[in-house]
Amino acid sequence: SLNFTCQVTGSPTPDVRWRTQNLTSQFYTQEQFWGSTLDLVLILTNVSSMDNLHNLTCEAENQAGPQEKMVQLDIEFPVKIIYLRNAEQQHHWCIPFAVDGNPEPEISWLYNGASFTLTRYAYMQLIPDSLDGSVKHGCLFFNKPTHVNNGFYTLVARNRLGGANATAEGMFMNNPFGPSDPEGLIPGEASTKSEMDVTENLENRVFVVSVAVGLALFACTFLLILLVVINKCGRHSKFGIHRSSVLGTGDDLAVSLRFLNFGTSPPSSDEDSGLSSFVENPQYFCGIIKDKDMCVQHIKRQDIVLKWELGEGAFGKVYLAECANLSPDTDKMLVAIKTLKDATESTRQDFQREAELLTVLQHQHIVRFYGVCTDGEPLAMVFEYMRHGDLNRFLRAHGPDARILDESHTPPLGQLTLPQMLQIAAQIASGMVYLASLHFVHRDLATRNCLVGEGLVVKIGDFGMSRDIYSTDYYRVGGRTMLPIRWMPPESIMYRKFTTESDIWSFGVVLWEIFTYGKQPWYQLSNSEAIECITQGRELERPRTCPKEIYLLMQGCWQREPQQRMVIKDIHSRLLALVKNPPVYLDILG
Ligand code: AMP
């Protein structure tokens, strides 16, 4: 019980009352007169914690005027949890809760019954609500959670009078690696398997090993026969690859770089002589380049912990992940994981082929490929993580329209300068010099297929997978074939001819993209109008901030006759010279 005395005096004697409308506790009042003063005592019985922070007001009034005085209730009570709901997606994912207690409760969390440390990816925020007394509303927020964060979250709240806890579920995403995955991405999951499963797995593995040994014997026999055939036919055999000329030392290796393209790239005349010769060449399964054997590295699923989604390509989702045991000198590394959804037998074969090609390509301006993860579904490829994502988005975010395009409403990082643009172009050219030296034809060179890392490092990072988000950059012909027509020279549009020279044309368009801060080439035209312009020989206009020297380079890439186009080595050297000595450019249009 609590007693509150309101002592009043006045002439004539005032009327006195306690304002009790919003009180939850039971109460009664008593009056006592002391000469000219009056005590009005309010007695709260069995005080309710609901009245904590209530402003208890006493009003008194006579003919001469009113007066009131107030006292705030400070009622101590043990913690109670008012609600805790399962995770729901608001702007961020949130597990909403409300707790009450006086003294103020201390809040902590358990994850699946074990202690849980808050980080900047899973953090708690209290949301002030002045209308709700001492009740504390809040959220356990999650920044881009994945299936690794799925589980039960227990809110533990306590003060010196007592505590309470409640549990809610966070189901953020289905495990993209599938529930049947024997090792799983979450370490320790495997230990819950029964012994029978383990024996079954062992039997399966014995079977798989037997099949693999059989296949290996078959491959060896095939290799022997093939070597005899190659020796007989010389360099111009159907397979075209001599052991000493594997991967790009022979001119007949005009290989189309179709990796990670999973069947969406256009059919072309050089497809037979290029890619399929690799498929039929057993040496290809472990590439040999500069006399070094290179085999695809396999990364264990249990070494990968997904963090969040980075994007989605035509073939599956891309995740940021942490990967252990990738290199001897670092414990864990951030990587980008590209998954292959709904793998069929043929996409699996493509996957294997692409992985082998990627393993062979090693250059400071080609995104680094670490290996594959094939134990379980989905199949995944592991790449170095490029912090700033794709170059097209990066250019737009650092151009004059950055403020309009910026979805996060954070201030733009500042406009790219001419030396920076030249630096970006020179790095892509360097990657292209390397690809051309291997006689690889990219077919889809565009800023959307380049990635930007720390310190403005740019690498060619994608070989035809960004077709979903950038679908307007492609022109669908027939069923599934999508063509990046705005980046293609007339001979590729008209005859589907893709060569090192057609890559040069695309490089010219990439230069144009860089100097327009990521505009779409021929943005003012429809696909069919763009095709008409390109095949009629019209050129993209000189971007406003583009110095004459650079536009001359672009025009050197856009010669109608493929043989008259500049060669990538010369373009690269010219760009390097311009990086060292940038032209002075006066934007006379202001
Ligand atoms: P893709 O399927 O390659 O088109 O990738 C989809 C999106 O994921 C791209 O637009 C990039 O923003 C992002 N992404 C792909 N690869 C990487 C990487 N290695 N590092 C960082 N982000 C990447």
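Just so it is clear, glycine is given a Cβ too, placed from its N, Cα and C backbone atoms.
Automatic prediction, not curation, is the source of TrEMBL annotations.
Quick look at what TrEMBL lists:
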ACT_SITE  Asp444  active site, proton acceptor
BINDING   310-318, Lys338, 384-390, Arg448  ATP binding site
BINDING   Asn449, Asp462  Mg(2+) binding site
DOMAIN    1-72  domain 'Ig-like'
DOMAIN    304-575  domain 'Protein kinase'
SITE      Tyr284  site 'Interaction with SHC1'
SITE      Tyr585  site 'Interaction with PLCG1'
TRANSMEM  206-230  transmembrane segment
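Positions of TrEMBL features highlighted on the structure.
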residue : record                       : DSSP class
Leu310  : ATP binding site             : strand
Gly316  : ATP binding site             : coil
Lys338  : ATP binding site             : strand
Met386  : ATP binding site             : coil
Asp444  : active site, proton acceptor : coil
Asn449  : Mg(2+) binding site          : helix
Asp462  : Mg(2+) binding site          : coil
Helix, strand and coil residues within the domain 'Ig-like' (1-72) as assigned by DSSP: 3 helix, 47 strand, 22 coil
Those binding-site residues listed as Leu310, Met386, and which of them has the most Cβ atoms within 10 Å of its own Cβ: Met386
Filtered recorded positions, from Gly316, Asp444, Asn449, whose Cβ is under 6 Å from an atom of ligand 1: none
Lowest local Cβ density (other Cβ within 10 Å) among binding-site residues: Gly313, Gly316, Gly389: Gly389
Fewest other Cβ within 10 angstroms of its own Cβ, chosen from the recorded positions Asp444, Asp462: Asp462
Asp462 (Mg(2+) binding site) and Leu310 (ATP binding site), distance between Cα atoms, whole Å: 14
Shortest C-alpha distance to Lys338 (ATP binding site) - which of the recorded positions Asp444, Asn449, Asp462: Asp462
Rounded distance in angstrom between the Cα atoms of Gly316 (ATP binding site) and Asp444 (active site, proton acceptor): 19
